[in-house]
Amino acid sequence: MECPEPSESVIPNDQSTKSCSIKLQPMNRFRDMSKLRNYEIIQKLGQGTFGVVQKARNIKTKELVALKQLINHSAKEGFPITAMREITILKKLNHKNILKIIDMIYEEPKISNPQDILHQRGCFYTVSPYMCSDLVGLLENPNINLEVSHIKCFMEQLLHGIQYIHEQMFLHRDIKAANILIDRNGTLKIADFGLARVYHGSPPKFMSGPGGGERAYTGLVVTRWYRPPELLLGERRYTTAVDMWGIGCVFGELFTRKPILVGKTDSHQAQLIFDLVGPPNSISWSEATSLPNKHDLNIGLTCQRSLESKFAPLMNPDGINLLSGLLTLDPYKRFNALDALNHNYFKNEPLPMKPQELPKFEECHEIDKERFKLLREKKNNIHEANKIPKAHFPKGPGEYNNSNNYPRNRNGSFPLALPKQPKFYNQHQQEAHVPQQMHTDTYIPKKRDDKPGANAPQKESSEPITSYQSLRDRSPRREGHISRKPSTTNSNNISSNSSASNVGGTLSNPTHQKNRPNAKASAGIFMTNSRKQRPKPNPQSSSRNVSDQFKKRKLLPDEQNESDLTDFDEDVKDSKQLDSFLDWDTFTRSPENRKLQHEKKQFETKYS
């Protein structure tokens with residue numbers, strides 16, 4: 001009796017096989033396939049619903065490849081039907097913009113007990129050329145900046161690939177950025193045909209609408225963020241337009257560097273679509289009311305179109321027109337691949353760059369998203385650290401002073417430069433209360449009483465200083481210093497009227513003011529209620545024409561124009577001059593103030 005050939009099944013109690021020695025092993029039905037041991041696994045590239053992708057190297061040829069392990073979700077299902085469809089379709093397609101399968105691998109299961117052979121299944125791998133990047137990785141990488149010519153190059157290749165697929169009577173049904181790969185030469189390839197199907201009907205032609213639509217298919221296709229509105233509303237007899245909607249989403253994503261329609265549910269996805277392209281109506285999509293999920297149309301009743309305003313800063317009018325044609329609600333009015341390829345967007349400057357002219361991008365895949373996210377955060381932190389803070393301008397009256405605990409006043413709405421703090425020369429001087437803002441345009445001279453002794457120094461007040469006059473009155477002075485306006489009289493002849501004026505200064509004995517002769521007249525000369533009534537400084541009485549004791553000393557560089565400080569209200573026009581005036585070191589060392597000190601000594605000697 002002849003011994004039966006080895007088969008995958010085992011007959012343990014068959015009487016006809018008792019006299020034969022049977023070797024329990026499966027029949028080698030995959031003898032032409034490669035083995036996994038022929039490849040060296042380098043790293044994992046990604047994982048999806050239908051498989052795990054790994055980067056590997058052929059040990060013999062040293063060629064880099066991508067191994068896609070086909071996942072069996074249940075041991076009873078056998079070979080995945082999606083993988084069978086993908087392999088069958090890819091064997092019929094041959095285009096430079098479509099990813100090929102160059103080999104298949106079957107890895108036998110490791111069986112310790114021969115009785116478990118029926119319950120153990122091997123693993124299948126598809127072998128395809130290694131692609132250094134995918135579109136998600138390029139857009140997530142902060143080191144890569146895509147120019148318009150680069151985007152046109154990618155879009156042109158993508159449209160050529162999808163046009164070839166539609167011509168061969170296939171629907172891809174899963175167009176998204178993660179399924180668009182780019183090799184080292186800049187060639188774009190469409191991958192992942194696990195959801196692809198043959199469609200029935202005429203193929204699309206130029207300006208003739210989509211192809212297909214003669215047969216019903218499942219609606220559970222296309223990733224939600226790239227799913228067209230007809231699928232969201234329950235259309236089963238869809239056309240090649242479902243792929244063109246996904247290409248429109250990818251086109252917008254190339255500019256925004258992130259998905260443009262990120263819905264959490266199908267209803268939310270429909271709302272985002274209506275917010276972008278406008279709600280469906282009798283003009284934009286007349287057949288929408290006949291779809292099974294037409295109740296979702298109520299979501300778009302309050303939506304307004306925002307596509308032009310959202311993408312106007314990112315692309316030119318031709319690009320917006322192409323995007324609008326690809327994202328048209330009505331699938332029979334939507335651009336097909338031939339319509340898009342003949343659009344003016346690809347004919348105007350800048351022209352699409354050739355694939356071999358594209359820059360050599362670094363390797364980046366979807367699995368690198370977290371690494372790129374950390375890199376972007378690091379760059380943003382460095383940018384914020386080096387960012388120069390902007391000046392704060394008040395938004396309303398009184399905001400500037402209120403933010404600094406100052407009460408509202410006539411200068412409350414003007415942000416001005418802060419004056420320099422005065423320098424102190426001895427321990428007897430106390431720090432003056434210097435306001436944080438002043439304004440020359442709203443300055444009103446402080447009214448003074450003309451009675452004798454009314455202008456004597458008063459006690460320090462806790463009220464904030466809000467004018468130049470109060471600043472001059474309350475600021476610290478060096479001991480024996482008198483601040484005053486220059487007199488038109490000769491500086492060598494110090495009269496009682498000119499020397500008796502003590503404007504904003506301090507006297508060693510304030511009681512002498514009662515005995516001063518003609519004090520009222522002297523006060524009236526220098527202290528008036530109007531700026532126009534103040535006497536103009538006499539050029540002959542400047543610091544260059546004072547007594548001989550001041551001419552002998554050589555003026556310092558910062559004292560060359562000290563005469564400009566004689567008329568405070570006329571000369572101080574901006575914050576720089578204000579800072580110069582409040583530089584107390586320069587002010588007290590000026591020749592004119594030395595002259596005032598000399599006059600004070602003569603006054604004290606005369607009335608002491």
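Using N, Cα and C of the backbone, Cβ positions are placed for all residues, glycine too.
According to Swiss-Prot, the protein carries these features:
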DOMAIN    39-346  domain 'Protein kinase'
BINDING   L45, G46, Q47, G48, T49, F50, G51, V52, V53, K68  ATP binding site
ACT_SITE  D174  active site, proton acceptor
REGION    383-419  region 'Disordered'
COMPBIAS  400-411  compositional bias 'Low complexity'
REGION    443-571  region 'Disordered'
COMPBIAS  471-482  compositional bias 'Basic and acidic residues'
COMPBIAS  487-502  compositional bias 'Low complexity'
COMPBIAS  503-512  compositional bias 'Polar residues'
COMPBIAS  539-548  compositional bias 'Polar residues'
COMPBIAS  559-571  compositional bias 'Acidic residues'
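Locations of recorded Swiss-Prot features on the structure.
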{"residue": "L45", "record": "ATP binding site", "Cβ neighbours (10 Å)": "22"}
{"residue": "Q47", "record": "ATP binding site", "Cβ neighbours (10 Å)": "14"}
{"residue": "G51", "record": "ATP binding site", "Cβ neighbours (10 Å)": "22"}
{"residue": "V53", "record": "ATP binding site", "Cβ neighbours (10 Å)": "23"}
{"residue": "D174", "record": "active site, proton acceptor", "Cβ neighbours (10 Å)": "22"}
Cα of L45 (ATP binding site) to Cα of the residue listed as 'active site, proton acceptor': how many Å, rounded? 19
Rounding to whole Å, the Cα atoms of Q47 (ATP binding site) and D174 (active site, proton acceptor) are apart by 16
The mean pLDDT across the domain 'Protein kinase' (39-346) is 89
V53 (ATP binding site) and the residue listed as 'active site, proton acceptor', compared by Cα position, are separated in whole Å by 17
Cα of the residue listed as 'active site, proton acceptor' to Cα of G51 (ATP binding site): how many Å, rounded? 15
